[in-house]
Amino acid sequence: MTQEVIKIRGGQTLKGDVTISGAKNSAVAIIPATLLAQGQVKLDGLPQISDVETLVSLLEDLNIKAHLNGKTLEVDTSEIENAPLPNNKVESLRASYYMMGAMLGRFKKCVIGLPGGCPLGPRPIDQHIKGFKALGAEIDESNDTSMKIEAKELHGANIFLDMVSVGATINIMLAAVHATGQTVIENAAKEPEVVDVANFLNSLGADIKGAGTSTLKINGVDSLHGSEYQIIPDRIEAGTYMCIAAAVGEEITINNIVPKHVEALTVKLKELGVDIQVDGDAEKAIIKRKSSYKNVDIKTLVYPGFATDLQQPITPLLFMADGPSFVTETIYPARFRHVDELKNMGANIEADMETGTATIKPSSLNGAEVYASDLRAGACLIIAGLLAEGVTTIYNVRHIYRGYTDIVKHLKELGANIWTEEV
């Protein structure tokens, strides 16, 4: 059985423009949220990635008419039916858990396979379950491969999340939009994607206040109508291209960004010494690489701190620094599966998954055969391949396609010597 690989001959400097897609982490929540609407919904600005296709297929399993055309999705829920969702689709996609909250909100009942996605170590959904129970749901976890969630009635509740969780904040919000009374989520996630989902639900007629703060208030409504909605730009894709530009960009303009959403990365790149100009009015950044950078320390935090999803993509830049850099991963301490692959390329890097720390020293990279263990590790290896001398072959590229629209095509257009092969 053959598989597609990405090959990169490093050493090229890149130049040109790239336009950022809609936010993956918004899209994977908003697509399930469409099933709460009674009527037709049109979403614009979707990223063209495999996760979107999987979620559209899950909508179709509920007898929803869903037409995906490029960046636009049209959904008609008029003939929706509740049905168990198949494991083979659900287990491939972590964000399929948003179907739980949406189906609970719509039907007060769902049977769904246990979600999959990138292997980043423990990512329990206990906070989601806690929220569903507070709203009045009963959870049957007796089956090893699926979960049954059911409520006679959904009622508002005060819910304090034990840890800040984007997934739990959104999932509880989806389940609560039709609950009787008011639901208050304390210690809610503040990420732009949470705000985007709340704005979408409000466009359908929901009553949600406080999105973007640590306290979310949801006043239940009887029904939601259709709407047309534009998804925000993807701050992680934007950040990845900012790292690419800082690594190998003669001059790269990155269009369709929200400067506030990438502020933590922008500050860190400037600390490194990157030549970066951000134009908030035009929603773009212009970046020119330098031959060497200053060493820095990076600590991942919940928004508005440095995003865990950019910890891996920024790592290759640290090999260009003039001294050792230190990374502390506070969100997913096991998010260092890219380290051994970088070592195969000659990198001087050590990581400790128990403490969630890594030490990165100046290194020259050489092409090698490497394996993308997850989505952002794949982005890291692409940047490393662009920097390396010789040819780098990246396996498991399906992870990369889960989160980056046409990344090989975009890099070719910028001047990279990059291609795909079947092996």
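Keep in mind that glycine also has a Cβ here, set from the backbone N, Cα and C atoms.
Some features that Swiss-Prot has for this protein:
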{"type": "ACT_SITE", "residues": "Cys118", "note": "active site, proton donor"}
{"type": "BINDING", "residues": "Lys24, Asn25", "note": "phosphoenolpyruvate binding site"}
{"type": "BINDING", "residues": "Arg94, Arg123, Pro124, Ile125, Asp126, Gln127, Asp309, Ile331", "note": "UDP-N-acetyl-alpha-D-glucosamine binding site"}
{"type": "MOD_RES", "residues": "Cys118", "note": "2-(S-cysteinyl)pyruvic acid O-phosphothioketal"}
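Put plainly, the binding-site residues Asn25, Gln127 were compared by Cβ crowding within 10 Å, and the winner is Asn25. Long-range C-beta contacts of Lys24 (phosphoenolpyruvate binding site), restricted to its own chain and to partners at least six residues apart, with a cutoff below 8 Å, comprise Pro47, Ile49, Asp51, Asp234, Ile236, Glu237, Gly403. The Cβ of Asp126 (UDP-N-acetyl-alpha-D-glucosamine binding site) lies under 8 Å from the Cβ of no residue that sits 6+ residues away along the same chain. Around Ile125 (UDP-N-acetyl-alpha-D-glucosamine binding site), the C-beta neighbours below 8 angstroms that are at least 6 residues distant in the chain are Tyr97, Pro115, Gly167, Ala168. If you draw a 10 Å sphere around the CB of Ile331 (UDP-N-acetyl-alpha-D-glucosamine binding site), it holds 19 other CB atoms from the protein chains shown.
Distance from the CA of Asn25 (phosphoenolpyruvate binding site) to the CA of Gln127 (UDP-N-acetyl-alpha-D-glucosamine binding site) is 18 Å.
Between the CA atoms of Asn25 (phosphoenolpyruvate binding site) and Arg94 (UDP-N-acetyl-alpha-D-glucosamine binding site) there is a gap of 11 Å, rounded to the nearest whole number. Secondary structure at Gln127 (UDP-N-acetyl-alpha-D-glucosamine binding site), taken from DSSP and collapsed to helix, strand or coil, is helix.
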